[in-house]
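Novice: Dropping the structure in here first, questions after.
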Amino acid sequence: MAQGIPDKIMSNTTLIKDLADVAKDAALLQGVLMRIHETPNSSELVTYAPFTLFPTPVPKAVFLQALAVQTHYNTLVDKISQDPEFLEEALASTIVVDDFTARLFRIHQQILKEGRSQSIVLGLNRSDYMLDQGDDGSSSLKQIEINTFAASFGGLSSRTPDVHRHVLKVAGQLEESRRILDNNPAAGLAKAVAKAWELYGSERAVVMFLVEEGQRNIFDQRYIENELWKRNISTIRKRFDDVTKTGSLDQDKRLFVDDQEVAVVYFRDGYMPENYISEKTWDARLLMERSLAVKCPDISTHLAGTKKVQQVLASPGVLEKFFPDQPQVVEQIRATFAGLYTLDMGPEGEKTVAMALAAPDRFVLKPQREGGGNNIYGSEICQVLQGVKQSTERMAYILMDKIHPTPVQNYLLRRDGPLKISNCLSELGVFGTYVRQGKDMVMNECAGHLLRTKSSEHSDGGVAAGVAVLDNPLLV
Ligand code: ADP
Ligand code: MG
Ligand code: MG
């Protein structure tokens, strides 16, 4: 492995087995934890969150590039969320055929009509990238997507550096162990939440984590909760159902859940259609949106994170509109864009269909969904497009260039998984945080990173989807 772990270690099966045992214990000791699949709502049985045995080499220049562009992405997301005309135009075709996005959009319209009750905005996002391998061996940073809703693993990734450092030391790689960076997104995310809470301005109000039914990944969130408790900010964990049953607004639109005033709603649930099990869930979402509580994200920032918006941003002249006097910012953001193509009705969309059918392996077909496992690849692109190409149904998708990172060998450690060497691909995430009050950006920061790695036999899927595992960059 180039500039990574020496082959003599990678191929020494006895050593690898020992190191895997050491690594798992290190992960448990560091608190890189998940509840087990069978009992997602109990901490009686927990296991290590899946992770790689070794960190993965990442070129320093592209890593720094990803960090450097993050505050601009924060600004961009925020500007989009403040631009109703842009959102309406960008999503006009999508909402004709995608019911979920349409529903979100209707909430957005309703909030605009009523007038936003809260001028404080809290953004916690994660911009994800893969490193596209050039013919000359170079790698360029290409954004896969930006997550403005429930971007996870900021907590656990704050603890993985020490695990890999330890493994490398035990493997006799002291020099390499020093190249693993510190990382603390948990503190960075909590800092922004705390700022929003403070600006809300009520000592007794709490931060509400709106959590999913099955809470396997609770520890990832606990890190952020604990950072808030350290600042003497109370947090509560509630589900949509709790808000349905006990949520209300007072005459000033202050949100109360279980008789507690909520200063900040941090959504960790509500990004998939399946999260909305009934009309009551939608009512609960609307209640929170209408409230005085700071929403992370608010409905417009949620929409700003859709894949359709990402595609529209890549069209000529669009970034310039958001940064009219900052050509260097435009350039810095655009440098990270992969090719993105519309499937709207009309000649541009026709061109996209023809291009995809001619060379499906060069592309990824994406619907407006989150959470991994929804994209379409290879011959299936042809199947799907053949079915929808004549109808407006095709507008539910966007097409994207497929990124080809350099495969790297590693061992993926997961509960009950076999210990075998895999060809792996990695995805680098960068956490961004911002808080705005009215027109003032009071905070805009890069809050750390996340590396996720999966076997190259899987084209899609994140850690929660059971495909990718946690990793750390080893800067080279
Ligand atoms: P989601 O919101 O479901 O996470 P993504 O756009 O991140 O959607 O896609 C899910 C996964 O699919 C990514 O983590 C990555 O592994 C793979 N993927 C997405 N887009 C591309 C692309 N353009 N090239 C290669 N792989 C991709
Ligand atoms: Mg996503
Ligand atoms: Mg993703």
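Every residue gets a Cβ built from N, Cα and C, even glycine.
TrEMBL entries are annotated by machine, without manual review.
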Novice: With Glu145, Asn147 listed by TrEMBL as Mg(2+)-binding, which of these, Glu350, Glu370, Glu380, is given for the same site?
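Specialist: Candidate listed by TrEMBL for the same site: Glu370.
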Novice: Compare the C-alpha of Gly373 (ATP binding site) with the C-alpha of each of the binding-site residues Arg126, Asn147, Gln221, and give the closest one.
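Specialist: Among Arg126, Asn147, Gln221, Asn147.
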Novice: Can you tell me which of Glu145, Gln221, Pro367, our binding-site residues, come within under 6 Å of ligand 3 at the Cβ?
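Specialist: Only Glu145 meet the Cβ criterion.
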Novice: Whose Cβ lies within 8 Å of the mean position of the Cβ atoms of Glu145, Asn147, Glu370, the Mg(2+) site, other than those residues?
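Specialist: These residues sit around the Mg(2+) site: Arg126, Asp128, Ile146, Thr148, Phe149, Ala151, Tyr271, Gly305, Lys307.
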Novice: Of Glu145, Asn147, Glu370, Gly373, Tyr377, Lys402, which binding-site residues come close to ligand 2, meaning Cβ under 6 Å from one of its atoms?
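Specialist: The ones that qualify, in sequence order, are Glu145, Asn147, Glu370.
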Novice: Check each residue in the chain of Glu370 (ATP binding site) that is at least six apart in sequence and keep those whose C-beta is under 8 Å from its C-beta; list them in sequence order.
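Specialist: Within the chain, Glu370 (ATP binding site) has Cβ neighbours under 8 Å at Asn147, Phe149, Ala150, Tyr271, Met272.
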